[in-house]
Structures are given as structure tokens and as C-alpha cells.
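K.L.:
Let me begin by handing over the structure; questions about it come next.
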Amino acid sequence: MAIDVKAIEEHIRGILIALGDNPEREGLKNTPKRVAKMYEEVFKGMCYSNDEIAEMFNVTFEDDLCINDNENDMVFMKEIEIFSHCEHHLALMYNMKVAIAYIPKKKIIGLSKIARIADMVGRRLQLQERIGSDIAEILQKITDSEDVAVIIEGEHGCMTTRGIKKPGTKTITTTLRGKFNTDPIVSNKLMMLYTK
């Protein structure tokens, strides 16, 4: 699905008029075009399904890395910074830090690809809970591992700048699949690494 930049421009122009401003005045002349270009960039992830993202970043290694010697060995990354936009208010979700873990099953994914997946999934109209679920689903497809965990901490503009207006409020969500959900030893190890 392609983003319709021209339609966005027209609608932003209409919003400016609805707000009581003049889209022809000096400061706003190019605003509809700039906003449309920005939306094309920040919502790039909406152009791709989870299957397409999995295909795009499916760069794995199947070396003999002794990854099968201990079935609870895990790959863990944290502090992956992303942003997204709340689908309810189009408000920015910011200061988002993603932690991702998986237990390899015969193949591993390049580390930069994990960060790219998180970034691409964030570039959609989203819920924080769904970001975690989407990342987990994509990693499961690429690695063939059921054992995936995603922890996300972030701030939501819809909570911090409007409505209740509570700046600094952080939301933490977890998506735990496979052993991360069923094996206390694995989940404890995850939490130890996350809080370290």
C-alpha cells in the first residue's frame, strides 16, 4: 500500500482552514506539503504487512555456533529507541525504549535487523501493546523460534500533553511468547537482564 501524499496535502490544507487559519499566509504556504512528506516518512511502516517486514529483514545465520548446547541461551537487546503514533489521537508516542529477546533455534538474525524491525513496526498508527506483538510475530517468522519476548517502555502524548496531562508518565508493556511465558527460569533471566 502506498501513502497518498497528495490526499494528505489536501486534507492538511482543509484542517488549517478548519482551525481558522489561512493556508496561503507566508508561514503556512508549504505546510501541507511538508506535513504530507513527514507523514510519508513517519508512517512508512503502514506500507508493509508483518509478513513483508519479515521478508525484508530476513537475514539469518545458520553457523554452528553451539546455540543448541543449551536450549535456554538467549539473544537479548535493550534500549532500542523508536517512536510511534497513537491510533486514537495521532499523538506521538516517544522516549520509547524496546528490549527484545529470543532463544535461537538453529539460526540467528543479524542484530541490526532486530532494531530495524522495531523501527519499522513503530512507523505505523499503533498501540504500544500491538508494537510488541507485531515485533514478536515478525521475529518468530524469521528465526523459527517460538521463544520471543518484547518489553517496551514509552511516553504517550495523548496522556502527557492532553486530557489528564501527566508529563513523565511511562507505560510499560510486555509480550512474552513460548518459554518466556511458561518457564520461570527463562522469564527470571529475562527480567534480570532487563533491569541490569
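Using the three backbone atoms N, Cα and C, a Cβ is placed for every residue, glycine included.
Annotations per Swiss-Prot:
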BINDING   CYS86, HIS89, CYS158  Zn(2+) binding site
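What does the local environment look like for each feature on the list?
P.N.:
A coil conformation is recorded for HIS89 (Zn(2+) binding site) in the three-state DSSP classification, outside any helix or strand.
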K.L.:
Relative to the Cβ position of HIS89 (Zn(2+) binding site), how many further Cβ atoms are located within 10 Å?
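P.N.:
There are 14 such Cβ atoms around HIS89 (Zn(2+) binding site).
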